[in-house]
Amino acid sequence: MAGGKIRKERASASNRAPSNHYQGGISFQKSKGQHILKNPLLVDSIVQKAGIKSSDVILEIGPGTGNLTKKLLEAGKQVIAVELDPRMVLELERRFQGTPFSNRLKVIQGDVLKTELPRFDICVANIPYQISSPLTFKLLFHPTSFRCAVIMYQREFAMRLVAQPGDNLYCRLSVNTQLYARVSHLLKVGKNNFRPPPKVDSSVVRIEPRKPGPQVNNKEWDGFLRVCFIRKNKTLGSIFKQKSLLLMLENNFKTLQALLASLHNNGEAAATHLADHSMGIEDDDNEMDDDDVDMDDGEGETSEFKDKVMNVLKEGGFEEKRASKLSQQEFLYLLSLFNKSGIHFT
């Protein structure tokens, strides 16, 4: 009888607040990606694996109520915490006010994607999963160098970050991230380690920016990968035969030739316009499935430019290869062959 009453009371509480969970009087909202780490052993493990030095300035993104923040303050010199929710900001300030940590904690209220980040040595964060991709590249392109970032991601996203050629989850995100950083998987984290628990498991990933950074044009590289991963399991030969893609590349080629010719007359202005010119490929991290788009290979039609593109693929032995199997070095080599032939993706 008592067990029945407990179940009724829990169901009633669940009905009153289906999406909010509480800690210290603060409700957490799943819709905003608010999942607070509640396992102290896991918090300790993350801090240990981050390899924090006593002289480090630590950037924490989404500190919540400060469970991880406290351990970071104990390990490093200073913590700069970026938090969007004003309720969490007040809770952080209240929690550390009057403690030895108060003068070593700086809280910035705002959207981390729109905030100019200060210099830091290491980033440790349990982030809202909906900002995973833009935040990762914001950190990788941060103007001042940092040693590493240790970040909690949704597990599938994390496995895409570390995926290797031939893996099911290997994608443009994998190649892009691994060009700019060494990425390693540290921990798998079950959903019950959070309050409220998310719907999926998570993983902690370590990201170490490469030093020196790669000598590539970022826009060129990204535009090139977008084309290769339009349908990652199709051969590159079939992808580059699409009429719409060939037309786009040819227009790009002609524009580039015209701009190069005008450099003699307009100099710096033409160079600036060239740098700003980019292909009209949608900004989407997800590659298309094989049934998503009608591949029109233009069979029966030939053109000088199409032959030019196919010759590049044949020269490098890439015509029958697939993006899902190519290594980073192979992508870099193929891009260099296209550029050598005057074909660019920006």
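In case you wondered, yes, glycine gets a Cβ from its N, Cα and C as well.
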Among ranges 1-25, 201-225, 301-325, whichever one TrEMBL labels region 'Disordered': 1-25
Other CB atoms, at most 10 A from the CB of Glu83 (S-adenosyl-L-methionine binding site): 23
